[in-house]
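These notes are about the structure you will find just below.
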């Protein structure tokens, strides 16, 4: 997308930034406010895990809007793996089918923002009519195939970790903007239930209560940071196993019980 569909890529970056609450006013484009909280990146991301609270898009009555998660209750911590407290069906056979509509939600939120941005561009710049709206209509959430054999030698694509990215603007211009694929900065502060997590086997700590943004393979320091070299090493060391593992999921002989294969 980045190379072959520059208008779609630009709309994706702008739309994804919009739902994250990032509005770059120096681009000369009328960027819409994300007026629907349920369609914000933070609220959608929280469905998958922390913060453990009721999704603002939930239509239950206020009386029913009480989270049933209790960190001291065995129903929420057993069996292993636990349900982790959020909406997501981690550790369950229903995880794939749960995840599909979840991904459709984030795609729809991004796409709706991109549609509004494309319409604004063509309204502001008549010479651009026919260039942006059709591309917004074709735009879908991009997908990186991490199980592709090419992942082993290539590792993580740069667009997934570089803090800035170049996008196309009206009139054939370009601009370097914050890369919403690489990281997210918490709007309104760090969520209250974000706590530090210590990993005994590696003697490292994830300082979630102190990091004001997301990182990729962060070092064990309160200051945070992204360690791309370590991330690439970790990915490349597992790439071949990922490919074979995914292949085996679709390779059970007819009649074999996958639970005992």
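Here, residue 1 is simply the first one shown, and the rest follow in order.
Quick reminder: no glycine exception, Cβ is built from N, Cα and C everywhere.
The stretch that TrEMBL tags with region 'Disordered', taken from the ranges 35-58, 59-82, 83-106, is 59-82. Secondary structure of the domain 'Tyrosinase copper-binding' (90-107) per DSSP (helix as H, G, I; strand as E, B; remaining residues coil): 13 helix, 0 strand, 5 coil. Confidence across the domain 'Tyrosinase copper-binding' (90-107), taken as the mean pLDDT and rounded to a whole number, stands at 87.
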